[in-house]
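Student: Marked as domain 'Cytidyltransferase-like' by TrEMBL: 7-121. Annotation comment: TrEMBL describes 11, 12, 19, 91, 92, 93, 101, 126, 127, 128, 129, 130, 131, 132 as ATP binding site. Residues or ranges marked as substrate binding site by TrEMBL: 11, 43, 76, 90. The site 'Transition state stabilizer' annotation in TrEMBL covers 19.
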């Protein structure tokens, strides 16, 4: 049987408890989960470098044996094809996230017709952990720098 590989893509600047919740839940559904750190060219003011974001993600996922962390500077659909991923997992914090994520899913589907996008709602305890507010968690993560 072929390995079921999924990708949890994002800028993860920083990775939050909400992100980790989605990653943990995805790890129970797939054989391999790749947390893929991507460059968001719309965000010019980042708190961490890509290398630091990779290191932070590795540290907080080290207890998940089927999760690995990677960085990619190109198109997500190209990376997914390269690693043989069948699915993208995207977390939704609120209904307002859906429109953007839906458009991205259509774009990725056009670029890679075999790639599915799966949406997971954030657990209620993390629903207020919006990534733009995630910077408040920097105090907890700063020790990893």
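One-based numbering along the chain as shown.
Note that Cβ sites are derived from N, Cα and C of the backbone, with glycine treated the same way.
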Student: If you skip the near sequence neighbours and keep only those at least six away, which residues in the chain come within under 8 angstroms of residue 101 (ATP binding site), Cβ to Cβ?
Tutor: 90, 92, 117, 119
Student: Would you identify which of the binding-site residues 76, 92 has the most other C-beta atoms lying within 10 angstroms of its C-beta?
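Tutor: The most densely surrounded of these binding-site residues is 76.
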Student: Rounded to a whole number, how many Å is the Cα of residue 11 (ATP binding site) away from the Cα of residue 76 (substrate binding site)?
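Tutor: Between the Cα atoms of residue 11 (ATP binding site) and residue 76 (substrate binding site), the distance comes to 12 Å.
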Student: For residue 19 (ATP binding site), list the number of other Cβ atoms lying within 10 Å of its Cβ atom.
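Tutor: A count of 23.
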Student: Within a 10 Å radius of its Cβ, which of these binding-site residues (43, 90) has the fewest neighbouring Cβ atoms?
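Tutor: Minimum Cβ neighbour count within 10 Å, taken over the binding-site residues 43, 90, occurs at 43.
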Student: Neighbour count, 10 Å Cβ-Cβ cut-off, for residue 11 (ATP binding site): what number do you get?
Tutor: 18
Student: What are the DSSP helix, strand and coil residue counts for the domain 'Cytidyltransferase-like' (7-121)?
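Tutor: Its residues divide into 47 helix, 29 strand, 39 coil.
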Student: Need one number for the substrate-binding residues 11, 43, 76, 90: the maximum pairwise CA distance in Å, whole number please.
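Tutor: Between the outermost Cα atoms of 11, 43, 76, 90, the distance is 19 Å.
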